[in-house]
Amino acid sequence: MKVGFIGLGIMGKPMSKNLLKAGYSLVVADRNPEAIADVIAAGAETASTAKAIAEQCDVIITMLPNSPHVKEVALGENGIIEGAKPGTVLIDMSSIAPLASREISEALKAKGIDMLDAPVSGGEPKAIDGTLSVMVGGDKAIFDKYYDLMKAMAGSVVHTGEIGAGNVTKLANQVIVALNIAAMSEALTLATKAGVNPDLVYQAIRGGLAGSTVLDAKAPMVMDRNFKPGFRIDLHIKDLANALDTSHGVGAQLPLTAAVMEMMQALRADGLGTADHSALACYYEKLAKVEVTR
């Protein structure tokens, strides 16, 4: 099976390398020539356009920043739709709006091209070690056919429903992650402002009910002042905006999500849009006039 992979960013590059390690033949594309060179050195081939990739691959994976990027690559000039033969499958592993997934799928289906929306969670560390969580929407038979391909990059791969369901699930995930980071930031800022060592507070609570994967991943980053992006604030704002747009469409209320998105937008205005989303703690630190350190 020859696999196309478009998008070799923070997540896409290690994901593509895991496919190579699993023995898949890979053809890649990205706007960053250094990323392409790195993956070629690991054993991949390259092509200049999405159309060129689609002409030679049975299945194409996209890992791109947002809905417009996926639409352009899938449906635009020199896009997948221009090169793919009937029966080709697009697995979009980007985090985009559920409505966009459905629109892209409909356009591709008219040309005999199937699609799964399969966003991931776990950030760069899990992309590197191949233990991502993948949440997938689309035809169950297509999911079953390409389960092993997705599993080569993941610890868990779960079918969540029809096309778009994968991205609804990812939005739910992103809401939980954002609110967890906000709660952690409030708690550690409280401890610091009250004169208690936040590292000791973290060690004391991590084994109890307040403990979580988010707490263990992000509290050390805050205390070490390490905001190297595993997942950028800019991208989390995008996800929360998509969650709010989706909630408006279905009549759900997300007041905490709206509040945290406002905080992240304030941080972006302060120049932290490209920082890791754990830098949400900086919003609370600024208000309290403290810095959360070990």
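Cβ atoms here come from the backbone N, Cα and C positions, even for glycine.
Because the structure is a prediction, the values reported are computed rather than measured.
So that you can see what the record holds, here are the features copied from Swiss-Prot:
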BINDING   4-18, Ser95, Lys238  NAD(+) binding site
ACT_SITE  Lys170  active site
When you measure from the Cβ of Gly4 (NAD(+) binding site), which residues in the chain that are at least 6 apart have a Cβ under 8 Å away? Leu26, Val27, Val28, Ala29, Ala47, Ala50, Ile53, Ala54, Gln56, Cys57, Val59, Ile60, Ile61
Do any residues at least six apart in sequence from the residue listed as 'active site', in the same chain, have a Cβ closer than 8 Å to its Cβ, and if so which, in order? Ser95, Pro119, Val120, Ser121, Met135, Asp239
Relative to the Cβ of Gly7 (NAD(+) binding site), which residues of the same chain, six or more apart in sequence, are found under 8 Å away? Asp30, Thr62, Met63, Leu64, His69, Ser94
